[in-house]
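Peer 1: Okay, here's the structure, questions in a sec.
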């Protein structure tokens with residue numbers, strides 16, 4: 001029986017976040033899966049069924065200028081973080097492919113956070129990533145937020161991580177119309193925010 005992964009969504013409102021201290025080298029595109037000329041994903045046919053009710057929405061507007069002190073204060077308070085269901089966890093290639101296929105119906109951007117439980121930088125960016133799918137926004141720019149633990153229950157590299165040759169985390173992938181547009185490793189929420197704005201603008 002095929003697995004069923006339900007995705008609930010909320011809305012996204014961009015604003016400035018904490019900057020990273022110390023960069024992580026960007027991971028190259030995985031050419032064995034993708035080509036620079038836009039060849040689509042070549043995973044096996046999906047057997048999983050994933051229900052997407054609606055995409056997270058992005059509100060374009062002037063970014064709020066918040067000081068680092070204010071951001072630290074906000075992170076310590078219960079400031080209505082996006083519910084856990086907003087950032088959906090997937091475990092298999094089939095689940096990822098199913099989301100990518102369904103995202104074509106709404107022209108949604110799919111953002112994937114690849115993480116490891118024992119990774120300090122992954123924990124650092126997790127809250128910021130959750131905040132990126134919070135608050136009401138513009139219905140014209142749907143965004144789907146996903147995450148994947150690159151280490152499986154046997155403390156081995158996951159099938160997805162092995163297939164995508166993921167070597168560094170936290171790593172973020174940006175997909176649209178089933179195509180990987182960009183990937184980079186970072187703990188800087190502003191960089192993720194900028195990529196989302198770039199790929200959900202009217203020109204993209």
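FYI, residue positions are counted from 1 along the chain as it appears here.
Quick reminder: no glycine exception, Cβ is built from N, Cα and C everywhere.
Quick paste of what Swiss-Prot says about this protein:
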TRANSIT   1-27  transit peptide
DOMAIN    63-201  domain 'Thioredoxin'
DISULFID  119-122  disulfide bond
ACT_SITE  119  active site, nucleophile
ACT_SITE  122  active site, nucleophile
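I'm curious about the neighbourhood of these features; can you describe it?
Peer 2: Secondary structure at residue 119 (disulfide bond), taken from DSSP and collapsed to helix, strand or coil, is coil. Sequence-distant neighbours of residue 119 (disulfide bond) (same chain, six or more apart, CB under 8 Å from its CB) are 169, 170, listed in sequence order.
Within 10 Å of the C-beta of residue 122 (disulfide bond) there are 21 other C-beta atoms, taking all protein chains into account.
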